[in-house]
Amino acid sequence: MEVVNVMEYQAIAKKKLPKMVYDYYASGAEDEWSLRENRHAFSRILFRPRILIDVSNIEMTTTLLGFKISMPIMIAPTAMQKMAHPDGEYATARAASAAGTIMTLSSWATSSVEEVASTGPGIRFFQLYVYKDRKVVAQLVRRAERAGFKAIALTVDTPRLGRREDDIRNRFTLPPYLSLKNFEGLDLGTIDQTADSGLASYVAGQIDRSLSWKDVKWLQTITDLPILVKGVLTAEDTRIAIQNGAAGIIVSNHGARQLDYVPATIIALEEVAKAAQGRVPVFLDGGVRRGTDVFKALALGASGIFIGRPVLFSLAAEGEAGVRKVLQMLRDEFELTMALNGCRSLKEITRNHIITEADQLRMGSRL
Ligand code: FNR
């Protein structure tokens with residue numbers, strides 16, 4: 001059956017993938033409240049479309065951190081993509097580049113920064129997990145720079161791995177024929193099988209729980225690449241991140257895989273965007289599955305969004321063609337949403353084009 005929207009890839013992936021792999025991709029933390037809420041919160045935001053505006057030409061291109069891309073829809077870092085498809089991160093890189101948009105490569109990719117760079121031209125960011133051994137981090141950042149990556153997305157919501165109960169039940173580990181390619185030569189490329197989640201044990205052993213703002217400063221001493229702080233959910237941390245030299249903020253709850261009962265990212269977005277005051281761009285990820293979601297995020301102050309699971313599920317279903325199709329479907333839906341809201345360019349998308357639940361409550365209390 002033909003796939004007509006992004007969500008439909010999930011069921012196909014579920015049928016195709018080994019249970020351990022599908023569960024790792026699909027899961028959220030603990031009760032998965034934030035996982036459901038990342039989606040539900042979008043559905044509580046409504047449009048206030050403007051009519052009779054000539055929408056025969058819609059412009060979706062944008063320039064982010066100085067890089068021109070075809071649309072404000074980008075690819076979030078997700079680990080271990082070769083579990084989804086043998087082409088893994090290569091397929092994702094090629095699909096992103098064909099769509100004229102940015103791919104973020106995970107530290108825990110099953111392809112190295114050099115291998116991904118060798119797939120051809122493309123604007124790529126590198127997602128960084130900070131290991132206890134800072135020599136490992138410095139070396140990796142240097143390799144990403146040399147391989148032409150354009151920014152570092154520093155993940156700040158993972159001092160420990162969130163409790164993902166499916167992974168515990170399945171005794172999740174990386175299949176033996178794969179490795180965390182960026183760390184292969186450093187003896188950190190494999191995940192041991194443990195009595196619970198192998199990944200949680202790996203993180204406990206290798207990732208630095210003491211990470212703090214001073215490390216954001218330290219990172220700037222070892223690289224000139226712009227640093228995006230990924231995992232901000234409050235106005236307070238937005239201000240501190242900017243004070244500490246962040247070039248951008250990614251409002252993210254890690255696809256609801258870390259702390260459960262944090263708000264949906266689309267709910268947290270507005271306070272972050274307000275606190276940023278336009279000093280640095282603000283991005284969002286979490287639950288984006290429709291062009292309408294992209295529009296809502298931009299109306300609430302995002303400069304662009306990232307998608308995570310849709311890439312994994314489409315990769316599992318159809319490889320590079322699947323990821324291309326996901327990007328194309330989101331692009332088409334977003335263009336249609338702009339047209340039906342009377343917006344011809346991204347700057348015409350305003351806060352007045354949407355009405356949130358908080359707006360409705362405020363209006364109610366004035367009646
Ligand atoms: C992730 N995410 C993630 N984030 C990160 O900084 N480094 C990583 O290695 C990973 N790995 C990863 C694996 C899987 C299977 C998932 C689902 C997610 C989080 C990711 O970058 C992003 O924040 C979310 O995936 C966005 O939410 P959606 O689009 O999946 O709902």
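Placed from the backbone N, Cα and C atoms, the Cβ positions cover glycine too.
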Identity of the glyoxylate-site residue among ARG163, ARG164, ARG289, ARG290 (reference: TYR24, TYR129, HIS254, ARG257, source: TrEMBL): ARG164
Binding-site residues close to ligand 1 - of ALA79, ASP285, ARG289, only those whose C-beta is under 6 Å away: ALA79, ASP285
Around the Cβ of ASP285 (FMN binding site), the count of other Cβ atoms that are within 10 Å: 27
Nonlocal neighbours by CB distance (under 8 Å) for ALA79 (FMN binding site), same chain, sequence gap 6 or more: SER106, SER107, TRP108, ALA109, LEU180
Which of TYR24, TYR129, all binding-site residues, has a Cβ with the fewest other Cβ atoms inside 10 Å: TYR129
Tertiary neighbours of HIS254 (glyoxylate binding site) (same chain, Cβ under 8 Å, six or more apart): THR155, ASP157, THR158, GLY162, GLY231
Among the glyoxylate-binding set TYR24, TYR129, ARG164, HIS254, ARG257, as the record gives it, the longest Cα-Cα distance in Å: 19
Inter-residue C-alpha distance, ARG164 (glyoxylate binding site) and PRO77 (FMN binding site) (nearest angstrom): 18
